[in-house]
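Colleague: Just passing along the structure, written as structure tokens.
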Amino acid sequence: MAAPLTLLLIVAVTIRAVLFRSSLAELISERVEVVSPLNAWKRVVEGLALLDLGVSPYSGDVFHETPLMIYLFHFTVDYAEIVFMVSPYFVDCLSCLLASLDRAKIAIGSNNLKSDLLFNFPGCLRHIISFSTCGLNNAIIALFIFCTLKGSALLSGILLALATYQSIYPLTLFAPALLFFLQRLYIPVNLRRSSFWCFTLQYAFIYVGSLVVITGLSFFLLGSWDFIPSVYGFIFSVPDLTPNIGLFWYFFAEMFEHFRLFFICVFQINVFFYTIPLSIKLKEHPVFLIFMQIAIISIFKSYPTVGDVALYMAFLPAWSHLYRFLRNIFLVSCVLLACSALFPVLWHLWIYAGSANSNFYYAITLLFNFGQILLVSDYFYAYLRREHHLTHGLYLKKKDGTEATLVLK
């Protein structure tokens, strides 16, 4: 097992390194599917140029990364290629860890470590060689999940605060992380129990305190609060309608201005709305809840890229025991593969050939997100069905003895 796995890692690293230095990297770094106004490397370079000139990088409307990110690259800009190439391996390592921890609980054997790496490699490849800071954000979330699974509440809270500082949306991961620690410490989720409130307040204090310290450090480095409207205001208000694989850009390009605020709230609330019902339903299964929340973020965030999709798809082999209960996996696979092929085709027809328009590209975007929603809901159904079978047996029968069918409502 060790020798083939080592060989697989060597081959993966070699292919990634070769592609990273090829002309393909420059081509992919321009694709709207893999970069966004938030994480494009060209915008980071522009921000670095302004910073070197003594001008606030947020004085214009180009740079929208966080202050810590720009100061990170200010000192490591000569090693940016290495940073971009190495950071996604945190996701690889985490997906292996998830496949090996609690093996008896999630019924995963060690043979899935290899399949997990194989699955993760194609998903992360495009955004690895695209010079996008999305890989760093994914690495932070990966480290957060790693520390959570290892039982370190302190590091988990700090990394979750850092992930929230980067893009706000990981705030929804607070609930599954808290449920995981409560389950690990055998503390029941009971509002009348003092132990529940004691640990909840302790973890919330670590999280909020870390977020305050990180934000204060950003103010200390920058000398102003300009980054708040330029980063978080930009994420929530969606002023840049550059096409991407998300749901926002076309809708708000056609939106009347006096309806814009209302529908901004409607669209943005999708990321946060499902946290409470999913937490109630999956309170006994916080690891799967983390997977669900990451998938929801990647679908409904304002500026998604394929890197966000690759993050949650990297964990799909960890739920290989659910494959037998999936209903639409062939349809979803065909939809996602077809969309991946049609994205560059329809973009070329729209922008370069002029024989199509934005409706064509948005149609394939809708189909791509429909495929993701169908995939996530199918895994949710499969997980609940497996739990039902573990409780009531594999073969269900009605009261009259005839065979019954399990329906998710």
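Heads up, the Cβ atoms here are built off N, Cα and C, so glycines get one too.
Remember, it's a predicted structure, so these values are computed and weren't measured experimentally.
Sharing the record's features from TrEMBL:
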type: SIGNAL; residues: 1-25; note: signal peptide
type: TRANSMEM; residues: 82-101; note: transmembrane segment
type: TRANSMEM; residues: 168-187; note: transmembrane segment
type: TRANSMEM; residues: 199-225; note: transmembrane segment
type: TRANSMEM; residues: 231-252; note: transmembrane segment
type: TRANSMEM; residues: 259-276; note: transmembrane segment
type: TRANSMEM; residues: 288-316; note: transmembrane segment
type: TRANSMEM; residues: 328-353; note: transmembrane segment
type: TRANSMEM; residues: 359-381; note: transmembrane segment
Colleague: Give residue numbers and ranges for long-range contacts of the transmembrane segment (199-225): same chain, 6 or more residues beyond its ends, CB-CB under 8 A.
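Modeller: Here the qualifying positions are 56, 58, 66-68, 71, 153-154, 156-158, 160-162, 164-165, 174, 177-178, 181-182, 185, 187.
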Colleague: Which listed range (168-187, 259-276, 288-316) shows the maximal number of Cβ pairs under 8 Å with respect to the transmembrane segment (231-252)?
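Modeller: Looking at each of 168-187, 259-276, 288-316 in turn, the most contacts to the transmembrane segment (231-252) are made by 288-316.
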Colleague: Cβ under 8 Å to the transmembrane segment (168-187), counting only same-chain residues 6 or more beyond its ends: which ones?
Modeller: 141, 144, 148-149, 151, 153, 156-157, 160, 193, 195-196, 199-200, 203-204, 207, 232, 235-236, 271-272, 275-276, 279, 282-284, 286-287, 289-290, 293-294, 296-297, 301
Colleague: Mind checking which residues reach the transmembrane segment (288-316)? Cβ under 8 Å, same chain, six or more beyond either end.
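Modeller: Same-chain contacts beyond the flanks: 33-39, 91-92, 94-95, 98, 116, 119-120, 123-124, 126-127, 130, 132, 134-135, 137-138, 141-142, 145, 148, 167, 169-170, 172-173, 175-177, 179-180, 235-236, 238, 240, 244-248, 267-268, 270-271, 274-275, 278-279, 282, 369, 372-373, 375-376, 379-380, 383.
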Colleague: For the transmembrane segment (328-353), find every same-chain residue at least 6 residues outside the stretch whose CB is under 8 Å from a CB in it, and list them.
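Modeller: Distant Cβ neighbours of the transmembrane segment (328-353) are 31-33, 243, 245, 360-361, 364, 367-368, 370-372, 374-375, 378.
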